[in-house]
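Data block below; observations after.
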Amino acid sequence: MTAAQGNSNETLFSSYKMGRFDLSHRVVLAPMTRCRALNGVPNAALAEYYAQRTTPGGFLISEGTMVSPGSAGFPHVPGIYSDEQVEAWKQVVEAVHAKGGFIFCQLWHVGRASHAVYQPNGGSPISSTNKPISENRWRVLLPDGSHVKYPKPRALEASEIPRVVEDYCLSALNAIRAGFDGIEIHGAHGYLIDQFLKDGINDRTDQYGGSIANRCRFLKQVVEGVVSAIGASKVGVRVSPAIDHLDATDSDPLSLGLAVVGMLNKLQGVNGSKLAYLHVTQPRYHAYGQTESGRQGSDEEEAKLMKSLRMAYNGTFMSSGGFNKELGMQAVQQGDADLVSYGRLFIANPDLVSRFKIDGELNKYNRKTFYTQDPVVGYTDYPFLAPFSRL
């Protein structure tokens, strides 16, 4: 059965074999920054949060997790680059495994979407460019709760890039040490890898800029390095070719997306082993009329983008972005996605899978509590339809 044909017998609640992982359903916890890891170290609150959202055979992706001390752009986001962090993550992973779930760690470097307060010695954030994120729409959240404009970044020298690639590789190894089932490379949403991919940001004239192939080079090196470190079956990749978050615009999102897919397919062929999945965020033009930076779009443009990437990719395809139950069911039944990840709905509904199955009423999420440090309110206190049990 091809992706284009779909399978009307498959639903969000059908089992799925994602490489070496036997999943009991297609509903995935999307990676979401929550700012509860005080001083970058996971704690019992994170273990409770992820355990609440675990189902037997379910698949979870952790929040964006720092690969180095200077890779953060939010307060109190977890890291995976120190022994202390690795040990602290073990309680989170063990809580998920105790419920019968699988969990990948999302490896994250925000690049220019940072501030001196998050940088060692108060330095400038790094990027593909020295152009700052525009101040007309975007602000960076500081530890004191204030929002200020993004500073001018420092463009990485080509000679520095291998060290950044190594940060991803070491973090991947650390994630496996912590017990994670694998990792997801965050190449989306205007963060460091996306700052190389998008021609609206990347103004380099060396081997990392200009052509699409050059702009894909950094992602290619990260994927190659991480696959070499932990194996392809434990590696997922997330991209968002048509998402304009943090000024991450591209003149031809479809061609960029297809170039990334082609590069990943080629790597899989050379390696002889498939990646765990490709995770693509779609723009939802039909829901919002435009992407975050104001670029207009249409249903047809969105459908062409997602279907083209789905058909081109040789492996498990995961979609995210504004899905409800009905849209998720449609995506699976029509063959547009193997898996669907949910974000905000999962924040407010830790038992989202159960609610979807019985068409239960959904809790409303509270945006004001998305990025606080409270270990309970807006984090682990959303009600269940039935009492929660960790076992």
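Using the three backbone atoms N, Cα and C, a Cβ is placed for every residue, glycine included.
Remember, predicted model here, so these are calculated numbers, not experimental data.
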Record-annotated FMN site (Swiss-Prot): member among GLN106, GLN119, GLN195 besides PRO31, MET32, THR33, GLY64, ARG238, SER320, GLY321, GLY322, GLY343, ARG344: GLN106
Greatest C-beta neighbour count within 10 angstroms, which of the binding-site residues HIS186, ARG344: HIS186
Where PRO31 (FMN binding site) falls in three-state DSSP terms: coil
Assigned conformation of ARG344 (FMN binding site) - DSSP reduced to three states: helix
